[in-house]
Ligand code: ME8
């Protein structure tokens with residue numbers, strides 16, 4: 001394990017998204033999840049490096065630029081700016097933005113190529129087959145739909161290729177890969193994805209071509225510049241380039257010094273093979289240790305249908321955030337879709353009702369009504385109690401005490417939706433508890449100690465909920481913390497990376513008595529369905 005200043009390092013990646021088009025809701029989905037993991041790891045006091053970026057080379061991008069009548073680099077720069085804008089709007093705190101057109105990336109690709117070449121794992125041969133430019137991948141005929149169409153890109157025909165290419169000796173790594181999957185059963189997650197990979201590898205691995213001819217947009221093969229390096233061979237190394245410190249010379253040694261091995265590659269199920277088969281084999285060939293884990297999540301549909309331009313049902317994530325805010329979008333995807341499974345986006349019937357129920361009615365309302373009572377009955381201060389003063393039978397204390405550990409475990413397992421459900425259970429119980437206890441009646445009866453116990457335990461539960469949900473809804477959590485009288489800023493990376501903070505803050509019963517409360521105001525405005533602005 002790597003320790004820096006006594007902290008564990010945790011490096012994670014999103015895919016480096018293609019720049020053939022403006023960002024897709026799917027890219028937003030993976031990146032939100034990655035940001036949640038990064039924020040959780042920072043909360044645990046770890047040193048975190050979140051890598052995202054763009055994959056800019058290859059035929060698909062070259063054609064997209066041609067279609068717009070732009071030089072490829074100009075096209076890429078424009079699209080990349082759109083990704084950066086989206087990440088800012090979604091409150092994604094990435095540490096590195098990897099662009100495969102960067103000069104330092106070229107240096108890393110060259111050095112890596114030479115290592116694989118020196119290992120004797122690259123040779124020239126004839127490549128014949130059907131190529132899907134959308135996937136940037138050769139396809140077997142049995143993988144295709146009728147009319148030789150790729151199931152992922154059915155609006156485009158695959159193209160016949162018969163050309164001389166350089167090949168990577170993937171087949172040489174068959175046994176080593178199988179050993180890897182057996183010895184490290186967690187390497188590929190979830191289990192269904194692991195099984196897909198075992199099946200694929202079990203059929204026997206074939207060498208794959210890592211160069212293209214008649215394509216300018218990419219890096220030349222260092223030993224034979226008539227060939228261009230295959231986009232995937234180049235793109236996967238974008239993760240390594242991203243590890244360089246800004247002032248570092250771009251060498252593999254420097255890149256691998258501090259953050260390698262990467263702890264988690266978060267990807268969608270569509271690019272599993274590249275990450276769980278090709279990538280470890282490439283690293284084995286270059287004598288580089290392997291990443292810790294590859295997690296392939298499911299695919300999003302819209303109103304039950306595949307999202308595609310042809311169907312005209314794409315969702316512009318920027319428009320969605322503009323209409324509903326970052327926390328709403330982040331929460332919906334993390335809470336409503338079991339991470340790893342496919343999931344649906346339905347704006348009117350699921351997105352809006354769920355956000356209104358959970359964030360406005362349950363969480364927001366509980367804080368708002370309790371704060372108002374704390375002003376009325378306790379002079380605008382947290383009642384002068386600690387968790388230890390609250391009766392062990394108190395239902396909020398019973399749920400609250402083990403909650404920090406449960407939710408931490410859910411985040412560790414990337415079970416975001418379980419994390420949300422566990423917190424919501426506390427919140428819903430809080431609303432029920434306050435209705436049953438009726439502090440307004442207790443106050444009229446002059447039972448001030450009972451009023452204070454009720455209000456303390458509810459305020460503390462809202463605090464704990466805000467803390468534990470802060471990786472998912474940092475804006476709302478900041479707002480709740482301010483209303484509870486704290487100056488915490490969940491967007492401040494330095495403030496959070498302190499291990500002691502987590503054990504205190506994730507424990508029920510740590511809200512300081514007599515803390516001056518902030519002004520009550522709704523933390524989440526009820527959403528109305530609005531038509532897209534575009
Ligand atoms: O594959 N549902 O880039 P890409 C969920 N450049 N996630 C989705 C999705 C959907 N409907 N559609 C896309 C590439 N995604 C390569 C990666 S990495 C070195 C190179 C997400 O722009 C999901 O994460 O096609 C998927 O794996 C990724 O976008 C594909 O992004």
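For all residues, glycine too, the Cβ spot is worked out from N, Cα and C.
TrEMBL annotations: computationally assigned, not manually curated.
In TrEMBL this protein carries:
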DOMAIN    12-151  domain 'Methionyl/Leucyl tRNA synthetase'
MOTIF     17-27  motif ''HIGH' region'
BINDING   132, 135, 150, 153  Zn(2+) binding site
DOMAIN    156-371  domain 'Methionyl/Leucyl tRNA synthetase'
MOTIF     306-310  motif ''KMSKS' region'
DOMAIN    408-488  domain 'Methionyl-tRNA synthetase anticodon-binding'
Can you count helix, strand and coil residues in the motif ''KMSKS' region' (306-310) using DSSP?
0 helix, 1 strand, 4 coil
DSSP helix, strand and coil counts for the domain 'Methionyl-tRNA synthetase anticodon-binding' (408-488)?
65 helix, 0 strand, 16 coil
When pLDDT is averaged across the domain 'Methionyl/Leucyl tRNA synthetase' (12-151), the result is 96
Three-state secondary structure, residue 132 (Zn(2+) binding site) (per DSSP)
strand
Cβ proximity for residue 132 (Zn(2+) binding site), under 8 A, sequence spacing 6+, ordered by residue number, returns 138, 139, 150, 152, 153, 156, 158, 159
What are the sequence-distant neighbours of residue 135 (Zn(2+) binding site), meaning same chain, six or more residues apart, C-beta distance under 8 angstroms?
150, 152, 153, 270
